[in-house]
Ligand code: IFM
């Protein structure tokens, strides 16, 4: 087998960011519907009510992926569509949409890759306590079972959570994301319950796959947003700041998932800060059960400096502003750090297959009169990061795939429609889709890599 065989190329999206149709076919509100309806939370008061209208234009979007020559499509299920209110049985009308999507993908030769949770918690579960409530982890496992029962005959790749750091930290600690709570203790409790939910859902899916004779083809995993933290200098203070930042953002998730323990330096500090991780007997074994896949969402790295101690004694490292290119998110473009990250994962956390489940960039796109965007910078960003991924693979990291974020311009959370990550432009007035230069680049690169394999 040549070097790039056994490697999947795809694009990724998420339900709330593209679907729209928030009140159709029995879908109930999610925390993001509620958050968007709260003045001052999202740029320009944007909401996901229509988004890309993917719910009604799905066949067109699948046809675009097929034209681009994609192997695989990573999308998320809207929990409030599949299991309204987060309890009880599945909602046939909501599930029917994903049935159609999966069938459409398979008919076009594209493998469906399901993410169960990309942040749209049913509002009813938030009202019952949200992720800081332990019960939500058990509700999540029930929902996973419903989803697997509905789609597991055709879907082999399952991701439990997308970026639990965002759900816990942005959702419950800083309040920049739904549900907008600002409570450090709740945030750290949410970390543990999200991971517990991952473990319970993984077990539910594996049990069902086994019972239906499908376990051989099943791949279950979780996706983390991993941003490498590089000390800004050799000074002990900067080194310690980078170690804290890496521990709080990265190891706090990697260690329990892949080593069965929380990193002691971070857990001890959280105890000291009065925000303990609420671990019960048996939880860590559940969280650390075998993972087939660890999805890596990579956008940027950061050079970290020591900062003044923050509110209530929290360490508050600060990012050094380096002289490197930046995207419209003000994120540094640092592809070499992706190679280093993948090699580090292989060295320190060996076992799972690594997939780049998201990588991409927002830029200030300017369409021509036909809606075409000549996004040279985004195409270059993709080129550099694909090179970096393949470099890590050539040097021994077990990397098995790459997904561009995102297929379409879409609802970029608190930034609303003000930031565009798509390789396909969406005109939000007409909802017309127009592939950008980056889409052409990606399609050509994928074809060339497959040819080489
Ligand atoms: O749009 C998001 C996505 O939902 C999760 N990962 C990062 C992307 C860009 O911010």
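Every residue, even glycine, has its Cβ placed from backbone N, Cα and C.
These figures come from a predicted structure and were not determined experimentally.
Among 91, 162, 370, the residue that TrEMBL places alongside 17, 118, 299, 405, 412, 413 at the substrate binding site is 162. For the recorded substrate site, residues 17, 118, 162, 299, 405, 412, 413 set the reference point as the centre of their Cβ atoms, and the other residues of that chain within 8 Å of it by Cβ are 14, 163, 358, 406, 410, 421. The binding-site residues near residue 163 (active site, proton donor), taking a 10 angstroms Cα-Cα threshold over the set 17, 299, 413, amount to none. On the backbone, the CA of residue 162 (substrate binding site) and the CA of residue 358 (active site, nucleophile) stand 10 Å apart.
The Cβ of residue 405 (substrate binding site) lies under 8 Å from the Cβ of 11, 12, 297, 358, 359, 360, 421, each of which sits 6+ residues away along the same chain.
Annotation note: residue 163 (active site, proton donor) sits in a coil segment as assigned by DSSP. The maximum pairwise C-alpha distance among 17, 118, 162, 299, 405, 412, 413, the residues recorded as binding substrate, is 18 Å. DSSP assigns residue 405 (substrate binding site) to a strand segment in the three-state reduction.
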